[in-house]
Amino acid sequence: MVVDDSAVVRQVVSSVLKSDSEIEVCGAVADPLFAMTRMRMQWPDVIVLDIEMPRMDGISFLKKIMAERPTPVVICSTLTEKGADTTMQAISAGAVEIITKPKVGLKGFLHDSAKVLINAVKAASRANLKPLQRAMASNLKVTPKLSADAVLAEGNTSRLKTTEQLVAIGTSTGGTQALELVLKALPRVSPGIVIVQHMPEKFTAAFAERLDSLCEISVKEAKHKMRVLPGQALIAPGGKHMLLKRSGAQYYVEVIDGPLVSRHRPSVDVLFRSVAQSASGNALGIIMTGMGDDGVKGMLEMRRAGAVTLAQDEASCVVYGMPKEAVKCGAVERSLSLSEIPQAILDCSH
């Protein structure tokens with residue numbers, strides 16, 4: 001079901017989705033109140049939802065859906081700072097995917113982004129919201145124990161010695177909520193973390209700011225040449241690749257342009273390959289919930305370089321895609337539930 005107050009958006013989004021034989025559009029309505037009436041007759045598998053609408057805003061509607069009958073929701077948001085902030089509220093309320101729409105040139109943009117829209121809806125249709133709801137209800141806490149070629153060529157791992165531990169995380173669909181749960185559970189004294197979360201540009205800054213306000217550790221959108229420090233997580237900006245580099249015993253990141261890798265920018269494969277080359281055995285790699293196979297090859301390179309490699313298990317994933325492919329190809333040493341990941345991060349620094 002498509003819920004958007006713009007008749008143009010409803011028409012174009014419906015047309016794009018109907019062009020895929022695997023997708024049936026059961027309705028396109030102008031606001032949440034119309035949607036609720038239609039949904040009493042036929043409940044959709046996925047909802048494509050605008051968040052700025054008359055009569056009832058998308059956030060209120062989303063919270064109502066999640067309370068009554070949890071359903072995968074794809075947010076269709078404008079590329080503005082206000083849109084990004086509101087979208088983060090929607091992600092917090094349970095939305096699993098984000099697609100963007102400009103304020104001008106809307107019709108052409110949506111047609112050009114047809115594949116992105118179709119893939120987002122298909123990923124959402126595979127989402128299993130129950131594990132995430134259980135994890136959010138349990139409010140993860142950890143008590144620390146006291147005792148890719150187009151962007152980065154394959155090469156030898158660094159032989160320089162450093163004892164500084166580093167964590168690299170890659171995730172996609174369902175990852176925003178999963179990352180929030182993991183990072184909130186970490187104490188201030190934690191290893192440095194670098195993260196790729198598939199997300200459009202302009203949204204990662206708002207995502208990092210939200211996490212920073214919720215977590216004991218510092219969370220920032222990565223900037224070029226920014227150092228990776230203990231007690232801090234850096235999130236790759238949307239639309240850019242992030243690579244880990246090392247100068248002596250210190251890690252820093254490069255934020256660069258480049259082609260789509262594994263259909264994404266930022267790409268988990270690019271980050272993981274750079275971690276294999278710069279941190280090798282001092283790294284912990286974690287691949288979490290998401291559709292597709294981005295990060296699989298990079299994680300295999302990390303494991304071959306001596307890093308510890310972990311995957312989120314099927315039972316706790318919203319979409320068991322990326323972790324499944326990583327396990328299948330032998331890139332993963334162990335699979336852990338979402339609730340076990342924070343402790344694994346702390347263990348790597350001891």
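Heads up, the Cβ atoms here are built off N, Cα and C, so glycines get one too.
Here's what Swiss-Prot has on this protein:
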DOMAIN    1-116  domain 'Response regulatory'
MOD_RES   Asp50  4-aspartylphosphate
DOMAIN    160-350  domain 'CheB-type methylesterase'
ACT_SITE  Ser172  active site
ACT_SITE  His198  active site
ACT_SITE  Asp294  active site
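Of all Cβ atoms in the shown protein chains, 29 besides its own fall within 10 Å of the Cβ of Asp294 (active site). Taking the domain 'Response regulatory' (1-116) as a whole, pLDDT averages 86 in the prediction. Taking DSSP states H, G and I as helix and E and B as strand, the domain 'Response regulatory' (1-116) has 56 helix, 19 strand, 41 coil. Every protein chain considered, the tally of other Cβ atoms within 10 Å of the Cβ of His198 (active site) stands at 27.
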